[in-house]
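The structure under discussion appears below in the form of structure tokens.
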Amino acid sequence: MARGRVEVKRIENKVNRQVTFSKRKGGLLKKAYELSVLCDVEVALIIFSSSSKLYEFSSDAMEKTIERYSRCNNNILDNNRPEESTQRWSQEVTKLRSKYESLLRTHRYLLGEDLGEMSVKELETLERQLEGALSATRQRKTQVTMEQMEDLRRKASLQLGDINKKMKLEVEGHEFKGFQDLLLNSDARAGSTDFSLFSSHHNSVDCDVGQFLKNGFQQQYEQGDGLVLESNSKNALLCTYYFLDQFVWLGRSGIYKNKVLTELIRSFAIFCWLGSSLCNIAIQIGELIMHSSTMKKMEKELKDDEEQDKETDRAKLQKTKDRILVLIKSSMDTVVAIGLLHLAPFIVTPRVTGAFGFVTSLISCYQLLPGRRKLKTP
């Protein structure tokens, strides 16, 4: 007798439902396998039990089959709904057109066009935007200017280094020659006045004149090393002052707009001028000390020749006066620099600074006057 038709509905008994699920699941998986083998088709089967447990079967890789299904399903949906795709693209074009028109309108507002249709709030918003853009532009301009100034300063430092080396070599050569001439003149005068003394002891003392000149010159040059260094420092500081003064002139004339940086460069330039004045003071003091010692030595050597002694004294005295005048001018320049830098505002007042500056100008004019003619001896 054939089995009756089973009514298809949910089995209420949980145990019976689980037993039926196990039997029919196995049959379904078996049928799927047989279908894939017999008909050479790609079959994929996914089952989730009531307890959310996964059962699956695939004649090929499950991921590959699912990807193939998704691709085919999307194509079917696109082909079945062309109107929805057209509508979606139409909406996208409308959005882009609206955005484009808004950008054009904003561009016109930034250029100052079509402002009549804007409200007060919109104008205030536009004003804030323009102020922000202007501030950013100024900051960028300042940054670029500072970078250019840094490049110029670096190049100037390299050029000043080369100039300082050349000037150092030239100054050392001049100092070397000056010390050599001074020593040779001193030795010549000493030899002419004390010739009898050397001749009387000629047999007892073997004097090597060449070695004496060499040793004497070397000692004199070593004593002047400090003056050479101070002279080089003074020249380097003066060159730096004159170089920086060009930038100060650019700022004062309005060519360079950064007033803060101009004042900073001005202060640094005045400091360089102050340093050069101090170096000049030290140089003149050193020269006066060396000149005084030379005078004492020559007074002992030139006792017999009174006329030559008088001429030499007059020349040395005039040279001493010139150096004292330069020393006074350098000291006043130092006071003027201190006044300009406001390093001692209660002592060096503006009136004192102006008075000292006027006096130094007069001294400079006096130094430019032609020298007095030497008196002819009968």
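The backbone N, Cα and C atoms fix where each Cβ goes, and this holds for glycine too.
Annotated domain 'MADS-box' per TrEMBL: 1-61, in sequence order. The domain 'MADS-box' (1-61) scores a mean pLDDT of 86 in the predicted structure.
The domain 'K-box' annotation in TrEMBL covers 86-177.
Annotated coiled coil per TrEMBL: 120-166 (among others), in sequence order.
The transmembrane segment feature in TrEMBL is assigned to 268-290 (among others). Residues 223-224, 226-227, 230-231, 233-235, 237-238, 240-241, 244-245, 248, 320, 323-324, 326-327, 330-331, 333-334, 337-338, 340-341 of the same chain, all 6+ positions outside the transmembrane segment (268-290), place their C-beta atoms under 8 angstroms from a C-beta of that stretch.
The annotation coiled coil is assigned in TrEMBL to 288-323 (among others).
Under the heading transmembrane segment, TrEMBL lists 352-369 (among others). Tertiary neighbourhood of the transmembrane segment (352-369): same-chain residues 325-326, 328-329, 332-333, 335-336, 339-340, selected by CB-CB distance under 8 Å and a gap of 6+ residues from either end.
In the domain 'K-box' (86-177), helix, strand and coil residues by DSSP number 86 helix, 0 strand, 6 coil.
Helix, strand and coil counts under DSSP for the domain 'MADS-box' (1-61) come to 26 helix, 10 strand, 25 coil.
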